[in-house]
Amino acid sequence: MTGLGVMVVMVGFLAIASLQSESRPCDTPDLGFQCGTAISHFWGQYSPYFSVPSELDASIPDDCEVTFAQVLSRHGARAPTLKRAASYVDLIDRIHHGAISYGPGYEFLRTYDYTLGADELTRTGQQQMVNSGIKFYRRYRALARKSIPFVRTAGQDRVVHSAENFTQGFHSALLADRGSTVRPTLPYDMVVIPETAGANNTLHNDLCTAFEEGPYSTIGDDAQDTYLSTFAGPITARVNANLPGANLTDADTVALMDLCPFETVASSSSDPATADAGGGNGRPLSPFCRLFSESEWRAYDYLQSVGKWYGYGPGNPLGPTQGVGFVNELLARLAGVPVRDGTSTNRTLDGDPRTFPLGRPLYADFSHDNDMMGVLGALGAYDGVPPLDKTARRDPEELGGYAASWAVPFAARIYVEKMRCSGGGGGGGGGEGRQEKDEEMVRVLVNDRVMTLKGCGADERGMCTLERFIESMAFARGNGKWDLCFA
């Protein structure tokens, strides 16, 4: 298997007790992060996972039996990337050397040192993924009692460790369930697909030259620059007034805002004395968070949403194409047939039942936020949503449930469910009638929000028939716009 450039590894057991030894009331399996929500739910892709409001009932209907469940998950909370970490160190250094005084609320910056490191999963991120595994088990208990998920992960350390933590959470829930009929042992097997340049990897696709390096590669940054110019000026002026001599730019202001979520998810302390000043319930938010108002955090959230939409999602002509390979793998799993794809799939892996088995009831894959944006685009999750305004903020309720914080926060998860219903639900025919008894139905949830998939005529419960769902994936089945990647 090593000759295929892939490893099937045994997951090392990280004692769940050590992860759960501290009280963590802010972050629970069912609801995710619920402290300081007026701020913490508006950090874009740096938000810790939280259960997103759903207009449709997200529970499994009483008249339906789930027969298949797939989760595609982002890794848990991490430290900044190496490039961003270096930029934050430079920013703090410039403040220390330039500022001649520190205004009210800014005094902590006088002695602040950047100590977050780079790239690695944080303790909060580990716990998020343990909680995610617990939640997956509980939701799909009827299947999970009988079968553990088949696990794949992109090869970066934080993603692999997230997959490990997920399996530990799943396993702890299984052991606590007296009704379970399987007794697997940790570590679980998993397929680790390397993220080396040029590798076919649907969980981290970087093969599309025009998207990675060509004219499509700057669309997201350009859109963010446009929106940033509409709101950041007054904030930067206020920050500079409190840090005279620092001479910060709008980009520096955004970097200071970035440090709020990164500092918060890096902390595992519980200090009730400072809880009310930040997140409450024993998990204070970083002092960086208090430098900005709630309305400014909403603008920050939208800035990140614009970047993801135009950088990797439906707003980029090649964004959804990056998710086509995974969607074609999903279709193969749903239908129980071999993968048919001409994009980013690895034919060697997907053609081997050891590394891509069909007929399993549970699957769990682990990836990155940008790759998940491509998958959501390829699924048509936000079809019908107008192009995001680059000059005025829009709320997610106006955008079909889209915001970076609602779609791809740390530990984000997409659930794809297949179920048989007894005839009491809708039929995937645009709401025009009821399905045949025991017809197979498919539904997609993004962080607990039921997505109304327009392409397959989702019913009043968000369900489409399996046949209509597969038919509606014509974009993916036709390889998207892959031909433009190398034009």
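Backbone N, Cα and C define each Cβ position, glycine as well.
Source: prediction; values computed, not measured.
Features of the protein shown, as given by Swiss-Prot:
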- 1-19: signal peptide (SIGNAL)
- Cys26-Cys35: disulfide bond (DISULFID)
- Gln45, Tyr46, Arg74, His75, Arg78, Thr81, Arg158, Lys308, His368, Asp369: 1D-myo-inositol hexakisphosphate binding site (BINDING)
- Cys64-Cys421: disulfide bond (DISULFID)
- His75: active site, nucleophile (ACT_SITE)
- Asn165: N-linked glycosylation site (CARBOHYD)
- Asn200: N-linked glycosylation site (CARBOHYD)
- Cys208-Cys485: disulfide bond (DISULFID)
- Asn247: N-linked glycosylation site (CARBOHYD)
- Cys260-Cys289: disulfide bond (DISULFID)
- Asn346: N-linked glycosylation site (CARBOHYD)
- Cys456-Cys464: disulfide bond (DISULFID)
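Arg74 (1D-myo-inositol hexakisphosphate binding site) sits 12 Å from Asn165 (N-linked glycosylation site), taking the Cα positions as reference. Spanning the residues Gln45, Tyr46, Arg74, His75, Arg78, Thr81, Arg158, Lys308, His368, Asp369 that the record associates with binding 1D-myo-inositol hexakisphosphate, the maximal Cα-Cα distance equals 21 Å. DSSP assigns Gln45 (1D-myo-inositol hexakisphosphate binding site) to a helix in the three-state reduction. Look at the glycosylation sites Asn165, Asn200 and count other Cβ atoms within 10 Å of each Cβ; Asn200 has the fewest. In this structure, His368 (1D-myo-inositol hexakisphosphate binding site) belongs to neither helix nor strand by DSSP; it is coil. The recorded positions near Asn346 (N-linked glycosylation site), taking a 10 angstroms Cα-Cα threshold over the set Gln45, Arg78, Asn200, Cys260, are Asn200. In sequence order, Asp119, Glu120, Leu121, Thr122, Gly125, Arg158, Val265, Phe410 constitute the residues six or more apart from Arg78 (1D-myo-inositol hexakisphosphate binding site) in its chain with CB-CB distances below 8 Å. Neighbour count (other Cβ atoms within 10 Å of the Cβ, all protein chains): 22 for Cys289 (disulfide bond).
Checked against Gln45 (1D-myo-inositol hexakisphosphate binding site) by C-alpha proximity, the recorded positions Asn165, Asn200, Cys464 yield Asn165 as the nearest.
The CA atom of Cys289 (disulfide bond) is located 44 Å away from the CA atom of Cys64 (disulfide bond). Neighbour counts of Cβ atoms within 10 Å were compared for the disulfide-bonded residues Cys35, Cys260, Cys421, Cys456, Cys464, and the top value is held by Cys464. Taking the Cα of the residue listed as 'active site, nucleophile' as the reference point, the closest of the recorded positions Cys64, His368, Cys464, Cys485 is His368.
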